[in-house]
Amino acid sequence: MSSWASFIFLFIFSFLTSFRVFAQDPTYRYHSCPNTTIFSRDSAYFSNLQTLLSFLSSPDASSSYSSGFRNDAVGTFPDRVTGLFDCRGDLPPEVCHNCVAFAVKDTLIRCPNERDVTLFYDECTLRYSNLVVTSALDPTYVYHVCPSWATFPRSSTYMTNLITLLSTLSSPSASYSTGFQNATAGKHPDRVTGLFNCRGDVSPEVCRRCVSFAVNETSTRCPIEKEVTLYYDQCTLRYSNRNILSTSNTNGGIILANSQNMTSNEQARFKDLVLTTMNQATIAAANSSKRFDARSANFTTLHSLYTLVQCTHDLTRQDCLSCLQQIINQLPTEKIGGQFIVPSCSSRFELCLFYNQSAVTTPQPQQNSAPPPPPTSIPSPRPGLNSRFPLITCLSAVSFEKFKDLLKPGFICILIKIVSENTGKGGNSSVIIIAVVVSITALLLLFVAVFSVRTKRRKKMIGAIPLLNVKRKDTEVTEPLAENGDSITTAGSLQFDFKAIVAATNNFLPINKLGQGGFGEVYKGTFPSGVQVAVKRLSKTSGQGEREFENEVVVVAKLQHRNLVRLLGYCLEGEEKILVYEFVHNKSLDYFLFDTTMKRQLDWTRRYKIIGGIARGILYLHQDSRLTIIHRDLKAGNILLDADMNPKVADFGMARIFGMDQTEANTRRVVGTYGYMAPEYAMYGQFSMKSDVYSFGVLVFEIISGMKNSSLYQMDDSVSNLVTYTWRLWSNGSQLDLVDPSFGDNYQTHDITRCIHIALLCVQEDVDDRPNMSAIVQMLTTSSIVLAVPKQPGFFFRGRHEQVGEVGSSVDRLALCSIDDASITSVAPR
């Protein structure tokens, strides 16, 4: 071992044996706060909620943090609020307290006005509601679907039959031991059919408790809807006025994904293992009388993959196979865990044990004929339900032949073992693990310092071009790219060699050209490995490109989402400035949407899916990524479609990163595309998340109609842009006239009307009236949410006979400019 290695080893060993406690923010997993019941900040409910959260997070509750659980209630009906926290059983009191305190602060950011809230972290769960939630054994709510197109009055025969049905399903004599029961009550047209299906690994008592809880919640979540599906982690409850028995249904489901990505070099192998194991489980479940299977498979020497699949018992073998195969192919296998739940079947995979292994007969982890590949560094799996899983695991054994070997997981493994032996059986494993994390960080800092010096020397020796910030050459007053001062040197992207890009694109051969914009040209490239990429080459004559180039690298390098285009790297060599993206097989949305022939490939089902995908991508930018990012140039030309017509938001050259507490910003440099710009941005340079919401609303109008917002539309002797035209149709009750004629009769009237309604809420003139993206996604996925009445949109075109109030010339000019479809780089300051 070298002297350097010896020094580092002794330093880490001393650090580990002396270090005791280190606080860190809990790891966020998921939250649920349906906005079907909300409160105002000046209400008695909010006052009671503040008191409750203060009780739950109080440092005085030391005994509760020791036990890991506390529940409480504040106020009287109807403003009574009850809540609880539940910490993971292996955590010390101080970590439990830290998680609860963090969750209490986080809840009013993630769920600012919702009454029924659950926040999940790796270390704890926080829950509160206007309902009774004082039991730690309450089932974990996941999602519900209850379309509002079929409802019943409270005093109807259907209501009586529903009460009878729910009483039967939740009775003490129900079939909880088998985990499934169906029943029917009443006669047509008031017949109601229902069923419950419990997860195959839960006990009869857990099944009974889940079904009973779900039955009680139907009156709150879906009080007057005839067709209802409630999903919980332990069971599903369904009922309808239609026959739902022995019929496969894959509509109205939800995909949940772990926030951590599988490392890129392991994604292909991990996906193959997930699909292989899931397919084996699918066959076993279809052949099982319980229509259930759970099994595991080795991923690395110290990590196993755990999978679970299930169908409702009433499905035939073939229907079960078909249902599971359909949803398995849509699982988010780029993540280290995920699930897809639909009414008739469900599937889930994790890198940690999330089901009751003792309750299922599951095959041993599969052994390959060849030894498993050497383990590589992958994200530490997050614990699932009913599991005890280490936060850090030893991944491989390594030699100390080179200094950099000290960074490999095998060295971490040795250190963990040494410290574990020193602490004895009574040692605190959580403290040890946290100490290891801190020690590794210290080691990384030393490693970076040493190799920075060595790298600089090597670059000087071989004449390599260092990574430099892209500087503007003019003296124009500019705005910062990001509030945290990020630059291209800290983006963390891979820098490509220019010669490799030239070879991949055949020296930028015109036949490989995919398109051209204000930034420059985009080419298709193929590397020797067969990997296809999209190469975006900055035009040397572009006045705006240098700034946008750096901005795009800084922003996109930090993003990972299935509905965002992925940046693979960049190239800086001489005057060449190039971005390398994943190759998206189809072109942009406008290529299909506004072409009379190509638009026929986008039926309503696909367009509805595209709307939802775009919404989820923007939600990730605004809320779910570790940064808050405002796109500022959302339009059909910046939405790419992959081989399956899934949308990917692209072109982040205009994007801005917000600070943690920042909600809006001002700029003198208005960039983007008129027609998609929100009024406050185009006129005053004020932009926020609500600016993107406005652009999203315009985009939805274009997707539904297949028409450009920049065109002019005649109606009642008036000339309108698409936004105003839609508003007039809505006001006249003829909103379906907006629908693209290429659909024919193949569309859902309710879905299209709801999408138009949501889009009108997005384009309202007052910023505060527009919903945020989280609410929009919930509106799109939960038809039971009641929508507000939309107000007049911004940039409203009035008819010649309408009264026009006095407005400034700047507003008049911008209203006319809003029909221009050109990309704008700057306008005169106002």
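Just so you know, the numbers here start at 1 and follow the chain as drawn.
Here the Cβ of each residue, glycine as well, is placed from N, Cα and C on the backbone.
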N-linked glycosylation site: annotated position in Swiss-Prot, out of N216, N709, N732: N216
Position of peak Cβ density within 10 Å, selected from the glycosylation sites N182, N261, N287: N182
Close recorded positions near Y681 (phosphotyrosine), where close means Cα within 10 Å, chosen from N216, N261, N287, N298, Y581, D633: none
Nearest recorded site to N261 (N-linked glycosylation site) by CA-CA distance, among recorded positions N182, N287, Y581, D633: Y581
Cβ packing number for D633 (active site, proton acceptor), 10 Å threshold: 24
Under 8 Å by Cβ from Y581 (phosphotyrosine), counting only residues of that chain that are 6 or more apart: V533, A534, V535, K536, V565, R566, L567, L568, A650
Number of other Cβ atoms within 10 Å of the Cβ of N356 (N-linked glycosylation site) across all protein chains: 17
Candidate nearest N298 (N-linked glycosylation site) in space, where candidates are the recorded positions N182, N216, N287, N356, D633 and distance is Cα-Cα: N356
Cα separation, N182 (N-linked glycosylation site) to N287 (N-linked glycosylation site) (Å, whole number): 21
Least surrounded among the glycosylation sites, given as N216, N298, when other CB atoms within 10 Å are counted: N216
Rounded to the nearest Å - Cα separation of N182 (N-linked glycosylation site) and D633 (active site, proton acceptor): 51
